Amino acid sequence: MEEPNQNRHDQLVLFINVSSHTPHTLLTLLPCSSNSMLGLTGTKLGCSEGGCGACTVMMSKFDPHSNRIIHQAINACLAPLCSLHHCAITTVEGIGSVGSKLHPVQEDSADSVQPLFDPEEFLPLDPTQDIIFPPELMTLSKEPVVSLRFRGERVLWVQPSSLTELLELKAAYPEARLVVGNTEVGIEMKFKNQLYPVILSPTNVQELRNIQFTENGMECGAAVTLTELGEVLREEVEKLPNYRTEIFQAVLEQLRWFAGRQIRNVAAVGGNIMTASPISDLNPVFMAAGCELTLVSKEGKRVVKMDEKFFTGYRKTILRSEEILLSIEIPYTKKGQYFSAFKQSPRREDDIATVTCGMNVVFGEGSNTVHDIKLSYGGMAPVTLLATDTCRQLIGRQWGEDLMEDACSLLAEEMSLSPSAPGGMVAYRRTLTISLFFKFFLTVQRKLAQENLSEGVRSDYESATELFHQDPPTGAQIYQAVPPGQSADDVVGRPMMHLSALKQATGEAVYCDDIPHYENELYLALVTSTKAHAHIISIETAEAMAVPGVVAFISAKDIPGSNKTGPVVSDETVFADNKVTCVGHIIGAVVADTQAHAQRAAKAVKISYEELQPVIVSIQDAITHQSFYQPVRVIENGDLIKGFQASDHIIEGEIHIGGQEHFYLETNCALAVPRGEDGEMELLVSTQAATKTQTAAAKALGVPASHVVCRVKRMGGGFGGKESRSTILSTAVAVAANKVKRPVRCMLDRDEDMLVSGGRHPFFGRYKVGFQKSGKVVALDVTYYCNAGNSLDLSLSILERALFHMDNCYSIPHIRGTGYMCKTNLPSNTAFRGFGGPQGMMVAESWISEVAQSCGLPAEQVRKMNLYQQGGITPFNQSLEQFTIDRCWDECITISDFSQRRARVELYNKQHRWTKRGLSIIPTKFGISFTATFLNQAGALVHIYTDGSVLITHGGTEMGQGLHTKMIQIASRTLEIPTSKIHISETSTNTVPNTSPTAASASSDLNGMAIYNACQTLLQRLKPYKTSKPKGNWEDWVTAAYFDRVNLSANGFYRTPDLGYSFETNSGRPFNYFTYGVAASEVEIDCLTGSHKNLHTSIVMDVGKSLNPALDIGQVEGAFMQGVGLFTLEELRYSPQGYLYTRGPGMYKIPAFGDIPTQLKVSLLRDAPNERAIFSSKAVGEPPLFLAASIFYAIKDAISAARAESGLSGPFRLDSPATPERIRNACQDKFTKLVPGTYTPWDMRV
C-alpha cells in the first residue's frame, strides 16, 4: 500500500453552480461558495458551527448504489472541500437572480419577509430553472472508486477505497481522526485549536455504509448518515407491528430534535457514538437498548455491548487506537418490552440537550413484574450513565405507585452531580432525571393498562405521557387601507415590499464583506485578553510572525493619534495599554494575507499577565464593592412617605433581568482603504453610526475628520449592537491599514463578535410598592442596577430610559426611581432594541403582578384599573397627549377573545395536573426621541439628474428595517413622482455630515422630515416651470430648470422641536411623543420539564398612520419575537472569572420557528394619526419588543396554577428569562423536594 506521507496529491474536482472548479486548499466549502474566492455573495458566514443556516447550500451527487442523484442541504461552513470531490454545489445564486429570473423559492423567501402580498402574483416554476446535474460529473461519478489523497498546508486528507486500506491506514496513523460529516472535528479544529495532521474519510468504504436486517434487529454501518438512518427506521416502523419497533420509534423521536437537517444530512451514526459526548441525544438510547457494536482493526474483529463500561471517561471509549467502529446493531423489541427516549433542552428545535435519556423495561410474560430495566442518562456525568443501582433494586417488583416512589428516591440518590459540575443547572438536571422517569412510568403504565396488566393512568395525568407536537401556525395581519381617492402613484400607507427583498432572497444584496477584494488586500485578526482584570507583563509575537503570510502585529504603539476612545466619554482604548479590564479586551491584531493565516497567528501570540483583584462580574459583586459609575440618577414625584402611609398593603420584591446578545446575522465587519495622500482613509463598515465611526478613526489616526470617509451600504442587522461597539473593530482596522499602507479587512467570527462586543444590559430591580385593597397602586419606590461593563459607553442614557419607563402605563401618585450603573469586568454592554426601556417596564410588570396576587384579583383587572388616562402626567412631568392605550387594550381584549380564553384556560388547568396553561395581557408605552437632546437632528441631500431620476442620501442607515424604502416613499409622495425614479445608494459621511446613529426608533421621523424639507426646497425651485407648463411631465420641468441654470440639488435638515429635560428640576419634555401597544398571550407549560409552548398572541399597536403596513407589521412581529428570546430563552452564561461560555448558536439560543405563537394576530390601530411625525406616522422599531413580556407573565400565570396543586399561593419570584430551568424549579412538587438546591455555581448571573 502506498504510504500517505509520500508527496502524491490528487486533483480535487467539484462543480459550483454548474461550473467546474479545482480548489488548491483543504478549507471548508464556505470560502469557495462565498465572496472570498468566487465572488458569490449569497452564502454567508453566520457562526462557523452549523447552527444558524446562513451558509446553507445544496450538495448534489450521484449515488451508484441507488443509481440516482441525491440532493441535500448542507452547511458550507463545516463541509470540507475534500469531502465534496465529484459533487455539485448549488448556491442561492445558482437558481435565479433579479437580473434574469427569480426561482419560486426565492420569490417565496422575499414574500415571507413581506407577508402582505398576494402569492398569486408570483409565477410558477419555469422548466428552464430546474437544477441541472453536470453531465461531466455524471460520467466521473460512474468511474471505479479509487483511493484519494489531498494535501493541505498542515493536513493530509486520505479517502481510502476499501476497508482493508482504511484499517492499514488506521494502524499506520492510530491518532488519525475518521471524518464523515465534519460536524464534530470541524468544531474542534475551529474553536478548540485542535490540529489533526492526518484525516481519514471512510465514505467510500462500502462496509461502513451498509444497512441490513438480522433476526435480532437492524445492523447499521458506522458511516451511515442520520438522515439515512431515519429514513430506513421510518420504513420499518410503518411495516412492522408496534411492539417490535419501540426502540426504532425512540431513535426517531430523538432524531426529530437532533440538530438541523443540514447536520443530519452529513453526520454519521458512528461519529455520534465515537464522539462520546456526555450530552449525546442517541448514546443513552443505544445504551439502554443494549446495542451491540462491531469493532474492527487490522488484527481482527470483536463485538462489544454498549453498556456502562463502553465510555471510559470524558470523550473516551474502550476502542483501541488502531480500531474503528464498523457497525451498530439496533435491536427489535418484543412483547412485554417498552422503550422511551426523552430529551430536554433550552429550546425544542436544534439544541443541545440539558439532560437526555433512554429507558427500557422488560416484564415477565403476561405480567407487570419487572424482569429487566435499563435507565440511561446523558448530561449527568462526563460520560453517558446507566443507573445501575436503581435498576437493580427495581427488578422483580410490580409496576405501580410504590415502585415509582422508590425509583424516584433511588434516582435522586444515584444521579448526583458535583456542586460545580460543568454546565451548571445542577438542581434542575437532577430533578429532570426523576421527572423524565415519571413520564416513562406513566407511559408504560398506560400501555400496560391497554393489555389489562395495570390500572390506567389518571385522566389529569394523561398529558404527561404525550409526545410534543405543535399545530401548524396561523396568523392574521390587520391594517387600515389607504383612504378612497388616494392616487395610485402615492405609495405612502400602502404595503410596499422592502426594496432589497428580492436581492436579499437571491443573494445579490451587497453587504460589507461582499465588497470585492482589493488586489493587495490583507486580513486582520484580533488578539484579545483571556483575563478579566490584569496587568499585561509581556506580549510575545515571534511565533505569530513566523506563520506564513503574516505581515505585521498591531498594538497601541502603532497608533499615530490617540489611543483613548469611547462614544461619549473617552474611557476606553483602541488597544489595551498595560492593563486589561475584561476577557475579550482587544490587546492587538495580526495582519496577514488570508483570514486563516491571520487567525492562526493571532492564536500564537503569547501574553503574560499579572492578575488583579477584585474581579467584579455581577451586579451583586458591584453592590458589594460599591463599584458604580457616576452619576446616580433619580426621578421623584409626589410624596412617598404620605403614599405609603395611605396604602392598605405594602410589599417588597426584586427581579433580575438577564442580558441579551444582539445576534445580528452579519457580524461586525470593516474594510479600511488608505487613499495614499494627506492621511486620507476610506472606511466601508457595517455600522449604525457612520459619523461615530469616522470620528473615532480620525482621532486614532491623528487626522481631521474631513480626511476620513465612512460608507455604509447596508447591514445584516444591527439592533443597537452597531451603534457604538462597531467602532472597536473599525478603528483597529483603520490603524492597521495606516501602518501597512494597504487595504485591510476584518469580519469577526461569531464567537469573536459575541466575546468582544457586549450586549443588552442585565438589570436588577428592587421595589417597594404600596396599594389599596382594590388593587389601586398608591406609592412606588424602585431601584435599578444595570451591569454596564468595563466602560461607560451608552449606559447613562440606557439607565435614564429605564427610569423614564419605570411606570410603564400605570399612573402612580407617589413614586421614586433610583438608578445605578455597575462598573464590572465584563465587555462593555451597549445599546439594544429598547435601550433600557424593556428592563424598566419589566420591573413594573413584576410588581403589578405581585399586587394582583396579593389582592387575590385577576392580573388583567389590576392592570386596567391602574392605567393612565388621557392627559395623565408621567413621573417626569410630561403630559400624555393623543393617548390611545385604552383603545389598544379594548381592541386586544376583543381580538384575543380574552374572557372566553380565560375560562378555557381555567377549565384546562382543572383537567390537567402536569401541564398548565397561563394567560396574560400587557401594555406598553414607549417614549420616542433620543434622550440626549442634541441627537434629535438629521440631514439629507437630494439630487435631481437631468433624466428626471432622483438620488437621495440621508443620515440613516439600512439594516433590514426598511428605512430606505420608507424614505423613498416619503420622497415619492412629496415630489409626486413614482418610486421607480428614486434611488438610495448608501449612507456616507462625505454627503451628509454629523449624522446621528440610526437608533432610538426615530430614524424615519428625523430623516423623513429632512428628506421632506429638501424635496420641498426643490419643488419650490421647480414651481415656475410646473406653473408655466401645467400639462408637462416631471422630465420636462427638470430639463427646463436645468437649462435655466437652476440648482437641482438641495440639502434638507430637521430638528425635533420642544425637546429637553432636566433631572435636577424634573422638568421639560424628554420625548416628542409615545408609541403605544397591548399584547395578550396564552402559553402551555410542562410542569415536569419546564418546557413551554406559545399558543396564542394578539397584538394591537398604535403606529399612527402607517407609512408602510408591510414593514411596520414586520417590525412588530420581529421585535416581539426578539422579546420572546429576551424574556424566555436567551441566556448569557459567564464563569465567576468573567469568561463567556455562550459564544455561538451551540450554547446561545435565539427563538426558532417553533417559538412563534401558534396563533399570531397583529392589528395596527385604526384612525390614530400622530401630528408630531412625518405624514402622521409613528416610530415602530423598538416599542413592540416589550409586548413579549405577555409571554413571560402568561408563563408565570401557568406556574401559579401548578404551584396551587402543591398548596402554594401568593407572590413568588421568577427572574427573566423564564427558561425551562426556572419554570421547572418554580413548579414545586414532590419531585423537586427530593433534590436539595444549594450549589457552588459553574456559571453566574451577571
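Yeah, the Cβs are placed from backbone N, Cα and C, and that goes for glycine too.
Predicted automatically and left uncurated, TrEMBL annotations should be read as such.
Here the structure is a predicted model, which means the values were calculated and not measured.
Noted in TrEMBL for the protein shown:
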type     : residues                                                                                       : note
ACT_SITE : Glu1182                                                                                        : active site, proton acceptor
BINDING  : Cys47, Cys52, Cys55, Cys77                                                                     : [2Fe-2S] cluster binding site
BINDING  : Leu178, Val179, Val180, Gly181, Asn182, Thr183, Glu184, Val185, Phe258, Asp281, Leu325, Lys343 : FAD binding site
BINDING  : Gln688, Phe719, Arg833, Ala1000                                                                : Mo-molybdopterin binding site
BINDING  : Glu723, Arg801, Phe835, Thr931                                                                 : substrate binding site
DOMAIN   : 150-335                                                                                        : domain 'FAD-binding PCMH-type'
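Here the features listed in TrEMBL are placed on the structure.
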residue : record                        : contacts (Cβ under 8 Å, 6+ apart)
Cys52   : [2Fe-2S] cluster binding site : Gly46, Leu665, Arg750, Pro1145
Cys77   : [2Fe-2S] cluster binding site : Thr28, Leu29, Leu30, Leu45, Gly46, Cys47, Ser48, Glu49, Gly50, Cys55
Val180  : FAD binding site              : Ser201, Pro202, Thr203, Ala223, Thr225, Val266, Ala267, Ala268, Gly270, Gly271
Glu184  : FAD binding site              : Gly271, Thr275
Arg801  : substrate binding site        : Phe835, Gly836, Gly837, Gly840, Gly927, Thr931
Arg833  : Mo-molybdopterin binding site : Phe719, Gly720, Ala1119, Gln1122, Gly1181, Glu1182, Leu1185
Ala1000 : Mo-molybdopterin binding site : Phe835, Ile928, Ser929, Phe930, Leu935, Glu1182
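Fewest Cβ neighbours within 10 Å among the binding-site residues Asn182, Gln688, Thr931: this applies to Thr931. Residues Leu178, Val179, Val180, Gly181, Asn182, Thr183, Glu184, Val185, Phe258, Asp281, Leu325, Lys343 are listed as the FAD binders, and the farthest two of them sit 27 Å apart at their Cα atoms.
Proximity of Phe258 (FAD binding site) to non-local residues of its own chain (separation of 6 or more, Cβ distance below 8 Å) is seen for Leu226, Arg264, Asp281, Leu282, given in sequence order. For the pair Asn182 (FAD binding site) and Gln688 (Mo-molybdopterin binding site), the Cα-Cα distance reads 36 Å. Neighbouring residues of the recorded [2Fe-2S] cluster site, listed in sequence order and excluding Cys47, Cys52, Cys55, Cys77, comprise Leu30, Lys44, Leu45, Gly46, Ser48, Glu49, Gly50, Gly51, Gly53, Ala54, Asn75, Ala76, Arg750, Pro1145 (Cβ within 8 Å of the Cβ centroid).
Taking the centroid of the Cβ atoms of Glu723, Arg801, Phe835, Thr931 as the substrate site, the other same-chain residues with Cβ within 8 Å of it are Leu794, Ser797, Ile798, Glu800, Ala831, Gly836, Gly837, Phe930, Ala999, Ala1000. The Cβ of Leu325 (FAD binding site) has 23 other Cβ atoms within 10 Å, all protein chains considered.
Mean pLDDT of the predicted structure over the domain 'FAD-binding PCMH-type' (150-335): 94. Among the binding-site residues Leu178, Leu325, Glu723, the ones whose Cα sits within 10 Å of the Cα of Gln688 (Mo-molybdopterin binding site) are Glu723. A distance of 51 Å separates the Cα atom of Leu325 (FAD binding site) from that of Glu723 (substrate binding site).
On its own chain, Glu723 (substrate binding site) has Pro567, Gln688, Ala689, Lys692, Leu794, Thr830, Ala831, Pro997, Thr998, Ala999 as residues at least 6 apart in sequence with a Cβ closer than 8 Å to its own Cβ. Taking the centre of the Cβ atoms of Gln688, Phe719, Arg833, Ala1000 as the Mo-molybdopterin site, the nearby residues of that chain (Cβ within 8 Å, site residues left out) are Gly718, Gly720, Gly721, Glu723, Ala831, Phe832, Phe835, Pro997, Thr998, Ala999, Ser1001, Gly1181, Glu1182.
Fewest Cβ neighbours within 10 Å among the recorded positions Cys55, Leu178, Phe719, Phe835, Glu1182: this applies to Leu178.
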